[in-house]
Amino acid sequence: MKKTAIALAVALVGFATVAQAAPKDNTWYTGGKLGWSQYQDTGSIINNDGPTHKDQLGAGAFFGYQANQYLGFEMGYDWLGRMPYKGDINNGAFKAQGVQLAAKLSYPVAQDLDVYTRLGGLVWRADAKGSFDGGLDRASGHDTGVSPLVALGAEYAWTKNWATRMEYQWVNNIGDRETVGARPDNGLLSVGVSYRFGQEDAAAPIVAPTPAPAPIVDTKRFTLKSDVLFGFNKANLKPEGQQALDQLYAQLSSIDPKDGSVVVLGFADRIGQPAPNLALSQRRADSVRDYLVSKGIPADKITARGEGQANPVTGNTCDNVKPRAALIECLAPDRRVEIEVKGYKEVVTQPQA
């Protein structure tokens, strides 16, 4: 029978195709089995004058815990069958059953296929009854005990939750000869089916999309001399001033002020009264704004503001300059138009691998 069990286990391996049949770590499973139970080396003290039917139907159920890929623990119930002996003078029957506890050691050999061994013990109960001397004497008895248990098998998972196994189990010395009249060994070749709990894959976490980075604000400032744009104390653009603004507009296009904003600031020097100078700087800023709008900058994206004598760039360098003509020339840098452009650049992020 041992040779038959090994041959069947090898045949089961041959049906496999490439990670492991063991359940997921820290999960439970349950199942049942049915097979060929054979009592051997009965050690019977009865002088039987007829056949002893050692080959019987065996069955069982089990419940297990899978600690990891290689190690599990099982508890189960085994019915090892009823072994009758029939003769003209003596006849009777021996039966055994028990609860087993074993460690299950598995090793993956192919896709969804493991080989394993179970090592443990069987707490058994053996019962016997018989009729002797042609029915003149009858006797019965039972015994309990613990015997070592060894099993070898192969297990194939045909879905995540369902698996089938084939194994050969050996239990040594069941019963006591003086109590139940026999002390057989038992081999059980069985086919089983198990259901595994908790094998569903965990749902993938929902990853929120990475928000698009905020656009980068690109700010540039241009300074144009009023003497180039306008005549002295004037607010009308000169031809040379229009040419200067044409060149400036070409640079503004690269910043794309349509998606940003443009601020035109007009400045005056300190010659004259502050109020007229403020009004002049405003008119000059308006002239530059209107010209840039005519070139294509949206009117709602550009503003003009006169600053008058504020923020002079000459400081006190012209304090002692005379006569007036020389002072006007010295203060020329203060007479200016500044254009501040804010554009927005999109940040392009590389997709993650």
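Each position is counted from 1, following the chain as shown.
Cβ coordinates are placed from backbone N, Cα and C, and glycine is handled just like the others.
Among the residue ranges 97-108, 229-240, 265-276, 289-300, the one that Swiss-Prot annotates as transmembrane segment is 97-108. Between the listed ranges 188-196, 242-250, 278-286, Swiss-Prot ties the annotation transmembrane segment to 188-196. Looking at 56-67, 320-331, the stretch flagged in Swiss-Prot as transmembrane segment turns out to be 56-67. Taking the C-alpha positions, the distance from Cys330 (disulfide bond) to Arg165 (site 'Part of salt bridge gating mechanism') comes to 103 Å. Compared over the disulfide-bonded residues Cys318, Cys330, the count of CB atoms lying within 10 A of a residue's CB peaks at Cys318.
Glu74 (site 'Part of salt bridge gating mechanism') is 101 Å away from Cys318 (disulfide bond) when you measure Cα to Cα. With a 10 A radius on its CB, Arg165 (site 'Part of salt bridge gating mechanism') counts 23 other CB atoms from all the protein chains. DSSP classifies Cys330 (disulfide bond) as helix under the three-state reduction.
Taken together, the residues of the domain 'OmpA-like' (217-345) have an average pLDDT of 86. Between the alpha carbons (Cα) of Glu74 (site 'Part of salt bridge gating mechanism') and Arg165 (site 'Part of salt bridge gating mechanism') lies a span of roughly 14 Å.
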